[in-house]
Every structure is written in C-alpha cells, then in structure tokens.
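Presented below is the structure to which this report refers.
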Amino acid sequence: MFEFTSFRQPADDYFVNNVEDVDMDVDDEDLFETDGMNLTWPGKSLTSAQEYMRGHGTYVDNEEVIASVSGLVERVNKLITVRAVRTRYNPEVGDLVVGRITEVQPRRWKVDGNSRQDAVLMLSSVNLPGGVQRRKVESDELQMRSFFEEGDLLVAEVQAFFGDGTMSLHTRSLSYGKLRNGQLVTVPPILIRRLKSHFISLPCGVDLILGLNGYIWVSKHIKENEREGEEAFDAEAVYSNRNDVIDDSTRLAISRVTNLINVLASRSIPLTDTVLLDAYDWSLEQEGDVKDLLQEDAGDALVATILAKG
Amino acid sequence: MASTSISKAEKSYIQAGLLANPPRRADGRSLHDFRVISLETGFAPLSNGSAHLSIGRNPHNGSGGTDIMASVKLEVESIEEDASDGGRIVCNVSCSPSAYPHLTSGALDDLQYDLTTVLHQTLSHPSLHPKNLSIIPRKKSWLLNLDLLVTADAGNIYDALFMAARAALWDTKVPRTRSVEYKSPKSLSSASGDMDVDQDTTSGFDTRKVAHATDFELPDYWDEGEILEGRERWPVAITLNLVKTIHFLDATLQEEASCASRLLVVHSYESPTSPTVQSMRMLGSEELSILHLKNLIKEAESHTNTMFSSLTAKLEDEDFRRNQKARERFGKRR
C-alpha cells in the first residue's frame, strides 16, 4: 500500500572525468554527429555569421552564429536554424489537435491546445444541430454553452492562422467534436509524429486520438456503423456529456494503454500505432498489475523490447 | 488543490470507475493504493533538519509528482514577559508559482495561507511540543521555524506536506548549549586567606538558589546537537476523498476535481497502540452524516497506522544510510 523509495543519486564517479579525456583534442564536429543528425546544445558555435543568416534558435555573438537551444541544426541555403527538442507545440495548417475549452466569448470559444497561445474556435466553424449545412441563428449565439462549455475536451483541425500566430480551429467533420468515454494523457508534443491518420483503433477495444499538440485521448472503441450518419445529426448525441456504459475489461485496457503511453513518453520514444501495439502485446505477457508498468524496471524492459523490434 | 479544468464526461468516467465493481482508477491503482513516495532527509546541510519528499514522481526522468521541500531552522529568541517559556514552533508553507501556473498571485497567496494555517495549527499544538527547546529558562529559548516549499502539485498535497514536515522534524538536531554566568570582580578578591568553604561552594540540593545564568555558549561549535525531543509524536495525515459511499486515497488532480468533498484526518502515535486525533478538516461542499463521519475516522486511523510505520521505517533507513556515508567519507580521508 505504501512504498517508499529514494531519489536517484548520480553514481559517485558521475561528475569526475577520466584523466585521458582532459588531454584529448576535442573536435566538436565529429564527436556529436550521430547517424547524420546534427545535434547541438546551447552555446555551441555553429558557423561564421559572415556567410550565413541566423534563424530561430540561434543568436549572433562576435561574428559567430551560436545555438541558443538544444536540438537539430537545419540549413536551408543560407539560413541556419535550430529546431528545439523541448518546445511548445508549433501548429501547421491541417494538423489534428485535441483541445480543452478555457473561455466562452461572443461567437467564439478559446481553446487550450498546449501551445504558446490559446487557439480560437469560431461559432461558424462548428456543426450545429439539425443538419451539417444549417446556418447559425441569433439564438445559437446565446446558447453557446449548450454546445461547448468551459472544461470540455474536443478534437479539431487547424484551419488557419490569425495575424499573431493564433490557431483557428474547426470541427466541421463527423469524426471531430466533443470527446467522451475515456481519459486524457499529456506527452511532449515532439513525440507525436505526423501520420496519415491520427485515429487509431487498438484490438483490445480501445480507441486513440493522437493530437499533434501532445494531448492523447484514450477511449472506448466506437464501432463505425454506430457513428452518426449525416441525416441523423442529433445535437443530443453529439454535444452530449453522458458517457456510455463501459465494462470492466475496457476500463482496464484504457488504464493499461495510459500507463504505456506515460512510460514511453518519459523515455522519449516517439508514439506511433505500431509502437503502441507492440507495447500493448508485450505488457499482456507480463505478470503483475497494470499499475506495475509504472515501475522503473518494467519501463526498462519495455523500452528494450520496443527498440529491439526496430 | 487548484481547480483543475475537467470536462463533465471525464468526471463521470472517473466517478463511474470508482463506483464500479471492482473499482478502477486511471492508472490501475486500487482505491487505497498510494503512488510511489520518494524521501530523502538531510538534503540541506545548513539547516538544522530537512527533508525532500515526492509522491508519484516518475522514477526515470524525475518528472511529475507532488514535490515538497521541508527545512527546519532554529533561531534564538529572547522571551518576553508573559510569553510562553520553553520555545515555540512556527510553520510556514509557500507555494512556488511554477507549481500553480494557472493561479494568479492573489489566489496563490490564498492557497499558501490555507495550507499554512492547517499545518501551523496542527503542529504548534501544545500536545506535540518538544521539551528540549529551552536554553535559559525564562530568558532564552529556541524558535523552531519549519518552512515547506511546494515545487510541484500533482494531487494529495496535504498528505505530502505532513509527511515532509514529520520527516524534517525527525531529522532536526538541537545544538547543545551551556549556560554561562558572569561573576562581578568583587566576589573574587574577597575569597583570600581563610577560605570559608561553605560560602563559596553551592550545594546541588540547595533549591533556594535562583539561577543567575544570563547567557549561553555552545560547548562544541561543530556538534550538530541532540535529537529534537518527541520525534515519535509528530503526526501523519491522510486525505479520504469521498464519492457517494466509497472513499479513496492519494488522488491525482483529475480525481480531486471529480469528487465533491474530502476529509483530512491527522493522527499522532505516541505509542503504536494509542493514536490521538490531532486535527480534522472537511474540504468541499457536501454534507456528511455523523455516522458516516465516525466510520471514516476509524478507516482513516487504520490507514495512518500503516503510513506511520512505513514512514518511520524509511526515516530510520535514511538515518542509517547517512551515518554509513559519513563513516565511509571519514574512512577515505584516513
């Protein structure tokens, strides 16, 4: 019931360099290029400022372009930028994101999308009950909370950007809209790769929506034919807050997938459907409860298995 | 503690899971399971006692979890005329703004004040007061400042605060002092020639003699001191999160947002079989019947019993580990 551990201490020789290293003639370029990726860290000098222009993630000092963040160096013609590894979500048009409503304003909602600024969801960008093509009426503006209210989770697509970089979202598809029957997991946005489809169905009866902003929705599987057809666009069903009855095995599967996502994210493994499927199969073979997946040794074993599969 | 934003669908998902048979929580824990607790004492060498505690911290990269740093600093206080003798204890909780990024500074101050009040009122109670905080009776005593810093909050803040406070107080050492008395030069010169032994020597049995000690000194500057008295008595707290008829422990932020009320019970164990309730608080907006409350207090006691023995075992382990380390370092120097 109660388990006490210690904080992990660095080993005694962690901070001591080997004597040989001090005399070594360190050639920065060769030391840190792995697999052709050009990694850099803050303070590292990249190139001369005479020949190249500096971009994001760099600064100029003494006629040298120096990186200011840790990440990958990218070179486009005469422009040098550093793409940071640990950063907020940088949206592109067409990205699928999972967001949470923070405010309700006249004819729009403000949505938190794990980015630098809250996104905007216009009232004209959502499907209104009574048919997909229904135009909005005065009374819709007065009852916006009957659609989305503060705290609601939704899945949407980035439609465009405002002048200041704020995303504008839309839910004009039957697969987008309010989320229910599950729970949210947050991971660093950089671990979500751009895939063909971000709606993943695992064989254990669990559906996943991988938002590119790092918000992942893990829920009970909804069969294709149960999704609302165009004629039956019923506000009661689409904007409802009521969950279905979820049975025990599905709940357990959802918890298992949640723990696996957290373990993989803490070890910086990018999340794709194949990775998650492999992880799920591996975890079923293990003894012990779902909660034991969060232990350090279980995580190590899982990562070793995933990396071995390639 | 801060109001986490949660949707109605998420809330009913969590509640349905808790009320199901068997109960299911988001990460697969059972209703009475705690997340892993990391504890380290003596991390701040300049303080008289310190502890660093974390509930639910990811073991691999150290992210997440509720993180508390507690530190005890003793300062010398001159006792005013009618103030209490024998030292006093002052607790203070401060919340780092990075732990609560969605709170304004005013709301953060309110939260700090609430947490401070709960801790201070419980820990400064006379029944827990340690007996070795006096330096010179009626003149000088130790003021014990217990400061707790919340650097991250992932739910269950009260249990974490009380555990960290107990650990820091367990680790506290009070410097040994010796009273010093100043004699005026006159009495020295008169003691010449025939020595009247009775006049100069003072008998230990003579209780009429009033203490003339006006100051004190530290006999050994480098000595850490003696252990703060009464360290078995420092209490532990358990928060019972209530949903309809069931209760669960160690809630995450989403789980806290899904239950309407919580009961905080603080127990002290002078001896393992005689617990005393030091403090109790109801948090939230729902009502509790007296019968339900009685049952919950009984359940809380069984939980704090387990927590108390596990925590004490860990604290003794920590003491042993640090003595080992000190011995190793000393051995290396020889």
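Even glycines carry a Cβ here, placed using N, Cα and C.
TrEMBL does not curate its annotations; it predicts them automatically.
Annotation source TrEMBL lists domain 'Exosome complex component N-terminal' at A:40-76. According to TrEMBL, the domain 'RRP4 S1' annotation covers A:88-159. What TrEMBL lists as domain 'K Homology' is A:182-222.
Per-residue pLDDT, averaged over the domain 'K Homology' (A:182-222), rounds to 92. With helix defined as DSSP H, G or I and strand as E or B, the domain 'K Homology' (A:182-222) counts 3 helix, 21 strand, 17 coil. In the domain 'Exosome complex component N-terminal' (A:40-76), helix, strand and coil residues by DSSP number 0 helix, 21 strand, 16 coil. In the domain 'RRP4 S1' (A:88-159), helix, strand and coil residues by DSSP number 11 helix, 28 strand, 33 coil.
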